[in-house]
Each structure stands twice: as C-alpha cells, then as structure tokens.
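Right, one structure below, let's go through it.
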C-alpha cells in the first residue's frame, strides 16, 4: 500500500474514533436510567440522557429525589453520558 493510502487509512480511523460515542461499557450505569421527576413539586427544567436516542433531552424535575440521570447543563450530560 502506498504512503498516501496509509495516510488516508490513518485519517479515516482517527475520524471514526473521534466520532464514535462511548460504549455502554464506558458509560456510567445511571445514564441508563429513565428520568425521574422526584417527589417534590417544583417544575425545574433539567437535562437527562436518553439511552434509546443516544442524546441528552429535556425533562422537568420536581426538586428532590429522583436519580443521577439529571444534569443542569447540556455539556455536563454530553460529557458524562454521550462522550466527547
């Protein structure tokens, strides 16, 4: 294989590694939990990781209880559950 072909292969492998989300084995287990509004009655806009869509999405949190799949920012959710 020519050096140009090897360079192209290396570039494609690097791009694939950067774009591939973290696997379920590397993701914290709480990322797999459904969002829980908790037992209080506030109506706080929060972010959770949706395992089916592999995206962070909005839900409304009651202010207490719930689980750890509850983030205050999109960046925090993405960094923790989706990957870099």
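Note: Cβ is positioned from N, Cα and C throughout, glycine not excepted.
Record features (Swiss-Prot):
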- 1-24: signal peptide (SIGNAL)
- 31-81: disulfide bond (DISULFID)
- 31-81: domain 'BPTI/Kunitz inhibitor' (DOMAIN)
- 40-64: disulfide bond (DISULFID)
- 56-77: disulfide bond (DISULFID)
- 70: N-linked glycosylation site (CARBOHYD)
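What Swiss-Prot annotates, mapped onto the structure for a quick look.
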| residue | record | DSSP class |
| --- | --- | --- |
| 31 | disulfide bond | helix |
| 40 | disulfide bond | coil |
| 56 | disulfide bond | strand |
| 64 | disulfide bond | coil |
| 70 | N-linked glycosylation site | coil |
| 77 | disulfide bond | helix |
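Here residue 64 (disulfide bond) is positioned 22 angstrom away from residue 81 (disulfide bond), judged by their C-alpha atoms.
In this structure the alpha carbons, written CA, of residue 77 (disulfide bond) and residue 70 (N-linked glycosylation site) are 8 Å apart.
Regional average pLDDT for the domain 'BPTI/Kunitz inhibitor' (31-81) in the model is 98.
Looking only at Cα atoms, residue 40 (disulfide bond) sits nearest to 70 among the recorded positions 31, 56, 70. Counting other C-beta atoms within 10 Å of each candidate's C-beta, the disulfide-bonded residues 31, 40, 64 are led by 31.
When other Cβ atoms within 10 Å of the Cβ of residue 56 (disulfide bond) are tallied across all protein chains shown, the result is 22.
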